[in-house]
C-alpha cells in the first residue's frame, strides 16, 4: 500500500573615455530609459575622510578630465547584517545611512561581501562581477557606491545592465552565459516581492559563479566579516557612471577596472530559447482564440515580458499590464498572489479567495493570466475562472513535461524538488512518473546543489531539473534561480500541446480543463498559506517555542480532540541533510500532522519567514489531501477553514500575537 507523502516528513580617475557601440543600442532604452527616475541622490558622490593609504593618480591618467584616488576608509561594524534566505533586506533608510549609526552601510556590506568572495576564490580577487537591480528606490545610487567599492578592491570588469535594471533570472543567465561564463558573481539589488520607495524595503543579495544564490557557508562567512570590519576600499572624486548609456559603452574607473554597460536581455533570451520552441509558440499565439494577460507589477520583469511576449512571440501590447518598472512599484506591493495581484485576479474571472466568479463571462476572459514580482523571479498562474496554486503548477508542469522541449528532448526530468512547506502534489506525480523527488528547506540556494550536482561536485546528474516552492517560485536548470517568465512559457507550452488537435472555431482546452483532469487523476491537494506580517519578534518566537515544546517535544496523544473531528497525529521539526554535499540544516519548519474523520491526511507547517525587513512574519501553511473528485471544486480557503481553526487554537496565535486574523491569505 502506497503511503501518501503527507503522512511522511520528509584609484584613479574616471577617464570618461567612454566608447559606445551605437549598433548595440538595446531595446531596453525604449522601455525604461525615459521612465527611469533618477532620485535626488543619484548625482551624489560620497566624500570620505582622507586616508594615508590613498594612492595618487598615475601619470598615465593625468590627462583625464577627472582625478580621483583609491582610499582605504576607516569604518566600524554595524549590527544586523546577517543575510536571510535571499540576501540582506532592510528599510531603505538603513541602506541610505539616514542615521549616523548606519554610516557607510552599503560600503560595509559590499566590502565584507567582496572579501568573502575573494576568500572563496582561493584568495584571488574575482575578475568579473555583474551589478544589477530591480529598479526600486535607491537602485541607481547604490550601484554607483558599489562600483566604487569594487574598483577600489581591484575588480577588473564590472558589467551593468542598461539603466541598471535586470530581473534576477536574467542576472543568473548572464553569469552563466555571457562571454562563456566569465562572470564570477553577481550583486543583485533587490528586496524581491517586498514593497519599494521611501520608508519601504531595499536589499542586496549575491549570486556565485554558476549563477546560484550564495550558500549558507558564504553568507555565514560574510556576516562574520561584517562584525569585524575596520575599513573599506573605494575610489574618491569619480563622476557617476551614465547608467542610461548604450549597451557596449565602457568606462575606465581605474587603470585596472572597466565598467561595461550590457544588454539586459540577450543572455536570458538565449536561455529561454534553449528551453522552448519559440517558433511554434509564436504560431500558437497567433490563434484568434488565444490570449494572455501578464501583470509585471511595475517590477524588473515587465520589460522582459515585453521583449519575449510582444517582440518575440507577436502578442499584442494589450497583453501587458503594469510592465513599466517604477522605483515604488506604482505604490503597489509587488508580490504576485491573490491579495496583491487583485486586479489581474478580477480580470481572470476570480474572486479574491481564488474561487471562480460565477457572474463572469468565461468566454470573454484571457486564456492565461500571469504575474511577476518585483525582481521577476516569482510567478502567479491563472486561467479563465481558475487559479492555479504554485504547488499545483509545479506538479502539473512535471506531469506535462512532454510539452516542454527542455525536458522532452532529454526524456523527461532526471530530478524534481520542492520546498518542504509546498504541498506534496509534486511527490505524487514524481512517484507515478518514476522521477527522483527531493524536499528541501525554503530558499532557492538549496535547489542549487541538486541542479549542479554533476557540474560542481561531480556527482549524480539530475538535469534536466524541475523545482519550485509554494511562495510562487518555479524554475529549472537553465539558470540557477527561480524564473517567473519561464513558468509562464511552460504553461503556454502545455496549453499549446493540449490544443494541437483543436481546430479553429472549437473551444480551446483551457487551464481549468487541464487542472481538473489532473486532480481527477492524482487527487487534489487543497493548499493555503496564512501570513502574519510584522509580528513582534518576541511574540513570534513564543508561538514557535510553544509548538516545539508542547507538540514536537511533547506528547501529542494527550492533546484532546475537538468538535472538528480533526485529530493531531504527530509533530516534527524539519531538518535537512543535503544529498549532494552532506551539509546539514536544522530548524526549517515545525510540522503538525492531522487526520480527518474519513482518514484523509493533512498537515500544518509553521515557520518564520527570512524575507522581511522589520519584525517577524509567521507563515502557516495548510494542506489537506482529497481523493474524492466530487469535492475538488470547493474553494481552498473554505476547504481548509476547519483545519486552520484547529491549528490556530492549538498554538494560541491570537492570544500570543494579538492578531485576530492573518495579514494575507494566499
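Each Cβ is built from the backbone N, Cα and C atoms, and glycine gets one as well.
Ranges compared are 47-85, 86-124, and TrEMBL records region 'Disordered' for 47-85. Summarising model confidence by region, the domain 'Alpha-D-phosphohexomutase alpha/beta/alpha' (408-500) averages a pLDDT of 96. Each residue in the domain 'Alpha-D-phosphohexomutase alpha/beta/alpha' (267-382) gets a DSSP state, and the totals come to 42 helix, 18 strand, 56 coil.
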